[in-house]
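The transmembrane segment feature in Swiss-Prot is assigned to 15-35, 48-68, 84-104, 107-127, 149-169, 174-194, 225-245, 271-291, 295-315, 331-351, 370-390, 395-415.
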Amino acid sequence: MSNSLSSQIFTRKMLICAFTGFNSGLPLFVLSQMLPVWLTDKHLSIELIGAVTGVMLPYGLKFLWAPLLDRYFPSFLGRRRSWMLLSQVALLILLYIISLFDPLTQLGTVANIALLIAFFSATQDIVLDAYRREILSDHELGLGNTIHINAYRIAGLIPGGLSLYLAAIYPWETVFLWTALCMLAGIFMTLFLAKEPKIDMQQTNQPFYQAFWIPLQEFFQRKGVIQAIGFLLFLFLYKFGDSFATTLQTKFIYDMGFSKEDIAIVVKSTALWSSILSGLAGGMIMLKLGINRALWLFGLVQMVTIGGFIWLAAFGHFDVITSAELWKLGVVIAAEYIGVGLGTAAFVAFMARESNPLYTATQLALFTSLSALPSKVLGILSGYVVGAVGYYQYFWFCLFLAIPGMLCLFWVAPLKQENNKTSSV
């Protein structure tokens, strides 16, 4: 058993999954964790900071250009690796350039650059998701996506932890440069680790409207209209509550009275071990229980962890930060990393299982877009909601938003049914 598990984990494919997770997570966490603290340091209001989160909308709309990445691609590295490299180089450059402008006087420029970061990050996600689905067998999806998700979460330790610690010592421009250079890990993977998968390229010769329509048609024919609609509704709702809760997570912690150094130290000390714990547990649980049962179990865990933010918000602003306050923050952050990490791992494995390998880019982009769209659209209003009712009521609202997604599991992932086969054309 031990040797069998080790032989599944320590492979080139799983190493690539770790790299895809890290490079997918880094730019997103810059926008969701590092950017709000930078804007707060520049004395922008909570309403403006919440509105700026609207730049993350490309994550919810990436299905619109996903067919282009299947159909058109530079020839120098192949269909997947060419787009990987182009998006990663663009992100490396943009993550530094954004720091050259003052948000207080040039907020429009900063927002536009952040929008470009989100666009290239979403583009990278399209290709990385498709690539990962193409290199992993159905049996490897649970473990591979667990490794991807936890590397994705660990990537958040840089903009959400180490970079904030450095920001207390160095100018923000230096911090953004250091953070941007971390994208070199993805460039290394693309050039030296990843190999172009061998996939039937017949669909790339079709007219563009067919490249967009046929993957959707295949999905609805395979699932049936009613089941397909239920599946898409589930994608829309399952991560709604916890995604909305974490939209202003770093801003919330900052407003509670914790310094950048406090956030960095606590995140560094708790998020790493909790990510590793959830990664090991999540992969083994999915191998044992299957994806459907994992969705139920992990969904309940991620919903309960929203309660941690409610508990912390109930204390109000801390005038003095002692070890007791740091301990409280550590408990909440650890629970959040475990809960969201587990829930996301099962969710991503579920989406990958339901996609057809011939149309991975378009179908996975549609699936992940639907899961991201609610929080990205309503995230624009998050600052105004907090400004109107406060953090305590806001997190209660997020908890109730998580319930409809759990109810959808009765429809799309019954406990007594486990489909481990991915349909193909």
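Every residue, even glycine, has its Cβ placed from backbone N, Cα and C.
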Is the transmembrane segment (84-104) in contact with the transmembrane segment (271-291), using at least 3 Cβ pairs under 8 Å (sequence separation of 6 or more) as the test?
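In this chain the transmembrane segment (271-291) does not contact the transmembrane segment (84-104) - fewer than 3 Cβ pairs sit under 8 Å.
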Honestly, do the transmembrane segment (15-35) and the transmembrane segment (370-390) touch, with at least three Cβ pairs under 8 Å and pairs 6 or more apart in sequence?
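The answer is no, given that the two segments have fewer than 3 Cβ pairs within the 8 Å cut-off.
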Before we move on, state whether the transmembrane segment (370-390) and the transmembrane segment (225-245) share at least 3 Cβ pairs under 8 Å, counting only pairs 6 or more apart in sequence.
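In contact, yes.
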Could you name the stretch, out of 48-68, 174-194, 225-245, with the greatest number of CB pairs under 8 A to the transmembrane segment (331-351)?
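Highest pair count goes to 225-245.
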Among the recorded stretches 107-127, 225-245, 295-315, which has the greatest number of Cβ pairs closer than 8 Å to the transmembrane segment (48-68)?
107-127
Give me the stretch from 107-127, 149-169, 174-194, 295-315, 395-415 with the greatest number of Cβ pairs under 8 Å to the transmembrane segment (225-245).
395-415
So if I exclude everything within five residues of the ends of the transmembrane segment (295-315), which remaining residues of that chain have a CB under 8 angstroms from its CBs? That is, six or more out.
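For the transmembrane segment (295-315), the far contacts come to 238, 241-242, 245, 249, 252, 256, 282, 285, 289, 328-329, 331-332, 335-336, 338-340, 342-347, 350, 390-392, 394-396, 398-399, 402-403, 405-406, 409, 413, 415.
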